[in-house]
Amino acid sequence: MKKILVSFVAIMAVASSAMAAETMNMHDQVNNAQAPAHQMQSSAEKSAVQGDSMTMMDMSSHDQAAMSHDMMQNGNSAAHQDMAEMHKKMMKSKPAASNETAKSFSEMNEHEKSAVVHEKANNGQSSVIHQQQAEKHRSQITQN
């Protein structure tokens with residue numbers, strides 16, 4: 001019994017020290033798309049109930065996110081209001097489908113490249129700051 005206990009403690013010590021020494025990218029841990037609430041909503045079945053009003057299951061992901069930010073316990077906070085507004089803007093500014101081919105990154109000017117980098121950052125879609133910076137760079141494209 002003593003050998004089992006000693007070997008168990010030794011294994012736990014090695015395993016815990018290995019986990020503690022492991023480096024991790026915090027952006028991978030806080031990415032909103034990986035949150036359980038987002039995972040459950042994306043895999044949930046569509047509502048079969050027909051009615052006049054839209055249900056949560058029938059809304060687009062931006063509709064759901066905007067409503068979630070508005071309805072949270074601290075939904076009146078500036079951060080949640082900014083995020084809800086950002087989702088509402090994204091719903092309005094969805095580009096129409098086209099057959100155009102996008103410019104390659106090497107053909108873009110510095111502002112176009114900066115806008116793309118801000119939008120494609122690990123937390124670019126969920127960060128208000130990255131979206132604002134991307135919009136700022138895009139406005140400078142038309143000015144130049």
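Heads up, the Cβ atoms here are built off N, Cα and C, so glycines get one too.
Noted in Swiss-Prot for the protein shown:
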type     : residues : note
SIGNAL   : 1-20     : signal peptide
REGION   : 86-144   : region 'Disordered'
COMPBIAS : 96-107   : compositional bias 'Polar residues'
COMPBIAS : 108-121  : compositional bias 'Basic and acidic residues'
COMPBIAS : 122-132  : compositional bias 'Polar residues'
Composition by DSSP (helix, strand, coil) of residues within the compositional bias 'Basic and acidic residues' (108-121): 11 helix, 0 strand, 3 coil
Long-range neighbours of the compositional bias 'Basic and acidic residues' (108-121), counting only residues six or more past its ends (CB under 8 A): 127, 130-131, 133-135, 137-138, 140-141, 144
